[in-house]
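Undergrad: First the structure, then my questions, so here it is.
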Amino acid sequence: MLLSDRDITAELDAGRVALDPYDPGMLQPASIDVRIDRFFRLFDNHKYPYIDPAEDQPELTRLIESKPGEPFILHPGEFVLGSTFELVTLPDDVAARLEGKSSLGRLGLLTHSTAGFIDPGFSGHVTLELSNVATLPIKLWPGMKIGQLCFFRLSSPAKKPYGSGEYASRYQGQRGPTASRSHLNFVHTDVTVTDAGQQGE
């Protein structure tokens, strides 16, 4: 069930859902706006010949911080990681989804590539996967509205919420834009087995 503004306010007032800092003026009819922080993670494409999700590639990205009062310039075709200014904490029976802002989408800014879902139990700054699909550079001002969080109540509390220890929970407590940790639970699956259970020729 998608939570309304009344439900979101009730969850925040009860301390079950937390946004830090919280600005009541960011509340929308069925979501709450979030802002972009001053940290960005850039890709150093010359460090590796390719990106391999099965390997640890610690030099693939580097962290930068925008200077006070200055925007970060996202060039056409560029992909960088950012993060929400707000720290988001969810209980074990509420999940969330990050959506972009319509006004920014109309300028060619994509807020996330695929990872818009936030598990129940998560706590941390939400990493943004920012892309510029326009033909001109886009200025990203730290503190500007960058997206909106929608909240969903689960049919029952999660048996093993994010961060419970049952899962890797690789991004629990993350601060700032966090690089991929896909190598930590990468699994090579044998796909030569056919649907009938026979080895492929």
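Each residue's number is its place along the chain shown, starting with 1.
Cβ from N, Cα, C; glycine included.
What Swiss-Prot shows for this protein is this:
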- LYS101, SER102, SER103, LEU104, GLY105, ARG106, ASP119, THR127, LEU128, GLU129, GLN148, TYR162, GLN174: dCTP binding site (BINDING)
- GLY116, PHE117: site 'Important for bifunctional activity' (SITE)
- GLU129: active site, proton donor/acceptor (ACT_SITE)
Undergrad: Indicate whether SER103 (dCTP binding site) is helix, strand or coil by DSSP.
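TA: In three-state terms, SER103 (dCTP binding site) counts as helix.
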Undergrad: Using DSSP with the three-state reduction, classify GLY116 (site 'Important for bifunctional activity') as helix, strand or coil.
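TA: The three-state answer is coil.
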Undergrad: For the C-alpha pair, I'd like the distance in angstrom between PHE117 (site 'Important for bifunctional activity') and LEU128 (dCTP binding site), rounded off.
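TA: Their Cα atoms are separated by 11 Å.
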Undergrad: Among the binding-site residues listed here (LYS101, SER103, GLY105, LEU128), which has the Cα closest to the Cα of GLY116 (site 'Important for bifunctional activity')?
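TA: Checked the binding-site residues LYS101, SER103, GLY105, LEU128; minimum Cα distance to GLY116 (site 'Important for bifunctional activity') goes to LEU128.
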Undergrad: Whose Cβ, among the recorded positions GLY105, GLY116, has more other Cβ atoms within 10 Å than any of the rest?
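TA: Its Cβ has the most other Cβ atoms within 10 Å: GLY116.
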Undergrad: Tell me which residues of the chain lie with their Cβ under 8 angstroms from that of GLN148 (dCTP binding site), as long as they are six or more apart in sequence?
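TA: Listed in sequence order: GLN28, SER31, ILE32, ASP33, VAL34, LEU98, GLU99, GLY100, LYS101.
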Undergrad: Looking at the binding-site residues SER103, GLY105, ASP119, whose Cα is closest in space to that of the residue listed as 'active site, proton donor/acceptor'?
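TA: With Cα distances computed to the residue listed as 'active site, proton donor/acceptor', the winner among SER103, GLY105, ASP119 is GLY105.
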Undergrad: As a test of the contact definition, list every same-chain residue at least 6 positions from LEU128 (dCTP binding site) whose Cβ is closer than 8 Å to its Cβ.
TA: ILE36, LEU81, GLY82, SER83, THR84, LEU98, THR111, HIS112, ILE146, GLY147, PRO177
